[in-house]
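Novice: Just lifted these from TrEMBL, have a look:
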type     : residues                                              : note
ACT_SITE : Lys162                                                : active site, proton acceptor
ACT_SITE : Lys267                                                : active site, proton acceptor
BINDING  : Arg24, Thr135, Lys160, Ser295, Met297, Asp320, Asp322 : substrate binding site
BINDING  : Asp190, Glu218, Asp243                                : Mg(2+) binding site
DOMAIN   : 141-239                                               : domain 'Mandelate racemase/muconate lactonizing enzyme C-terminal'
Amino acid sequence: MEIVSLETKRKIIPLDRPFVTSVRKVTSIENVEVSVMLEDGTVGKGAAAPALAVTGESPSSIEAVINGPASEALAGAQSEALQENVRRLKQNCYGNSSAKAAVEMAVIDAFVQQRRCSLLQWLGGTPSVFENDMTISMEEPAQMKNTAEQYINEGFRYLKMKVGDDLKKDYQRIRSIAEVLPQGVMLRIDANQGWTSKEAIVFIQQLEKEKIPLQFIEQPVAADDWAGLKKVTESTRTPIMADESCKTYKDARRLIEWHACDMINIKLMKCGGLLEAWKIADIAEAAGIPCMMGSMMESTISASPAAELALAHPNIKMVDLDAPKWLQENTVTAVSFEGHQIKAMNPAQSAPIKYEGGELR
Ligand SMILES: [Mg+2]
């Protein structure tokens, strides 16, 4: 079936509470939604979530890429030729990973609709459940502790803490939350590149001495400080996860060769799409490196396919897909983000999804 056109729509979605990390404070997001139209009227949907500090893309640059080179790459292409279409997309658009991820997920959405199956089914997964985490914004220690207690009461077993602006305060933040952690609840610490390797080693070793229940430490050092990341990985017992250091599968391959990390955080917006994400999970699996599926501040339009891939791939052992839970509005998709779990619905049981005039209702 011929791909007739691509359309974009910018959408501002307010958050229901501010999201604060060591590099930014966000109160609303602006996503770029993409529709891929086939000649029989099928509409595939995707979305890009700009994160200028990570991928160098803005809503305007994403729109320009989709309406320019990405549309040129796919106009007149056959939707069945999925690999060829993704190859063309990559060839026409160097970098611009979020724009490519959005277009690819829309192309794949149209592709699976034509096969009358869900993305999860096409990937060979079955309806199942993943334990989701909840992120605690970087605030004063007492406030973070209160927030942690609230999420613990809601049943979350994994709490992801944002730290990285001030080592002394980071220590107080982690200590204060550790005080209220019940048995079986673990911390995921994301420094968002906030520490030097020397700082990180001393800091993490101290947390280990105090037996703080850490599942992993994410991106302790600058994205391009691979030598520092390796040093931290070698010097601590706690698993070290690469996030901003690992964008594409080529990054993943080199990080693995360097023995620079113990885990990898895969995000569609960093790697450029579902097919590349699958490859990262594959090569990491060969090296015994478990992966987590994460996201930027994204709506269900892009978090849902990320969750389906996570549920289907055997080496994606963790998810960090709480982003839709921060948004004031979300689209109904084949994945439920309710409570502390992510559930992929059996298509027969999920809410009916109808396409009317190109809009998902
Ligand atoms: Mg991160």
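Heads up, the Cβ atoms here are built off N, Cα and C, so glycines get one too.
Curation does not apply to TrEMBL; its annotations are automatic.
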Novice: What's the most sparsely packed of the recorded positions Arg24, Lys160, Lys162, Lys267, counting other C-beta atoms within 10 A?
Specialist: Arg24
Novice: Rounded to a whole angstrom, what is the C-alpha distance between Asp190 (Mg(2+) binding site) and Lys162 (active site, proton acceptor)?
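Specialist: Distance (Cα to Cα, whole Å): 5 Å.
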Novice: Mind checking how the domain 'Mandelate racemase/muconate lactonizing enzyme C-terminal' (141-239) divides into helix, strand and coil residues in DSSP?
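Specialist: The counts are 48 helix, 15 strand, 36 coil.
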Novice: Given the binding-site residues Arg24, Lys160, Asp190, Glu218, Asp243, Met297, return the subset with CB under 6 A from an atom of ligand 1, ordered by sequence, or none if empty.
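Specialist: From Arg24, Lys160, Asp190, Glu218, Asp243, Met297, counting a Cβ under 6 Å from ligand 1 as near, the near ones are Asp190, Glu218, Asp243.
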Novice: Residues near the Mg(2+) site, Asp190, Glu218, Asp243 excluded, by Cβ within 8 Å of the Cβ center?
Specialist: Arg188, Ile189, Ala191, Asn192, Ile217, Gln219, Met241, Glu244, Asn265, Gly294
Novice: Just to be sure I understand: of Arg24, Met297, Asp322, which binding-site residues have a C-alpha no more than 10 angstroms from the C-alpha of Lys267 (active site, proton acceptor)?
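Specialist: Near Lys267 (active site, proton acceptor), where near means Cα within 10 Å, there are no binding-site residues at all.
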Novice: Anything within 10 Å of Lys162 (active site, proton acceptor)? Look among the binding-site residues Thr135, Ser295, Asp320, comparing CA atoms, and list what you find.
Specialist: Thr135
Novice: If you pair up every Cα among Arg24, Thr135, Lys160, Ser295, Met297, Asp320, Asp322, the residues annotated as binding substrate, what's the maximum separation in angstrom, rounded to an integer?
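Specialist: Across Arg24, Thr135, Lys160, Ser295, Met297, Asp320, Asp322, the two farthest Cα atoms sit 19 Å apart.
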